[in-house]
Amino acid sequence: MKTVIVVHGGAWAIPDMLAEASMAGVKNAAWAGDAVLKNGGSAIDAVEKAVRSLEDDPSFDAGHGAVLNIDGEVELDSIIMDGETLATGAVASVRNIANPVSLARAVMEKTDHVMLTDRGASMFAERIGIPIADDLVTELERKDWEQSSSFPVGVEKFFNTQWGHDTVGAVALDSLGNVACATSTGGIRNKMVGRVGDSPIIGSGGYADNRSGAVSCTGHGESILKVTLARLILFHMEQGKSATAAAEASLQYMGERVKGCGGAIVVSSTGDWAASFTTPCMAWASIKEDVLHCGLNPKEDFTERLK
């Protein structure tokens, strides 16, 4: 089976000052995931590695670049899912964890549960030795938060102007034919304390099933939750649509039904992949058969053959 990795850095109105960093970040994440796959690693290892790379990059709203809630605090959400077994782990409203995707994987592998939140997730992280991080808030985010307005106005600005960041994610297909997904986010600036969007919710922010494929979503979380976007995309693929057609049909439906915008990356169990969005921009990159594809603006697809 030919391996595939696809990553995204969030669907929103990416400003010119962040365009170069966003593109560099998604390409670095794709390379990191591809290296795992090329060495015979699993899809679940590849998506965790790719998303950790994005969480460590302050250009993105996850981990070290997370936006702040209404009280000026970081609250992080993440999910990871194995398409072979449907094993899933998720965390929501966690603080002081640099790589929530790895904590989500620990929930999947070391507990009998699917999701842990807030205090319980922090207690679990401490118990298994995940270190506390006190450096997640960037100077730029603190400045933007101080200048930002209320949440309802912020949502509009978040996805249609330069004032926001959004979710990161990855999907992969490994050499054994297994798929996996991972999604991670700091949410939307000025959200209520305890607000959880789509990212850690199975079937909304992400889903993976070897019988169809894997999806990671990004965009307006409340809208994505209402249409269970990740599962909707896979439903269309199960009905015979290509990855691109399924993603585009589902995003169009979300826009028409609940007026929400966003994006998704997809890989099928046969290696068909897509990166689609209805926001002004989405930084994304993929690697398949030593060819890197990447883009930022609508209809953009740059290619580069890897050595």
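Yeah, the Cβs are placed from backbone N, Cα and C, and that goes for glycine too.
Cβ environment of THR167 (active site, nucleophile): HIS8, GLY10, ALA11, ASP61, ALA62, THR183, SER184, THR185, SER199, GLY205, CYS217, THR218, GLY219 lie under 8 Å away, each six or more residues apart in the same chain. Residues or ranges marked as active site, nucleophile in TrEMBL: THR167.
Sequence annotations record features per position, and here TrEMBL assigns substrate binding site to ARG195, VAL196, GLY197, ASP198, THR218, GLY219, HIS220, GLY221. Cβ-based neighbour count (10 Å, all protein chains) for ASP198 (substrate binding site) stands at 31.
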Given the binding-site residues ARG195, HIS220, the candidate whose Cβ has the fewest other Cβ atoms within 10 Å is ARG195
Pairwise C-alpha maximum, in angstrom, for the residues (ARG195, VAL196, GLY197, ASP198, THR218, GLY219, HIS220, GLY221) that bind substrate according to the record: 16
Tell me, if you would, which residue among GLY197, GLY219, GLY221 (binding-site residues) has the fewest other CB atoms within 10 Å in the structure shown? GLY197
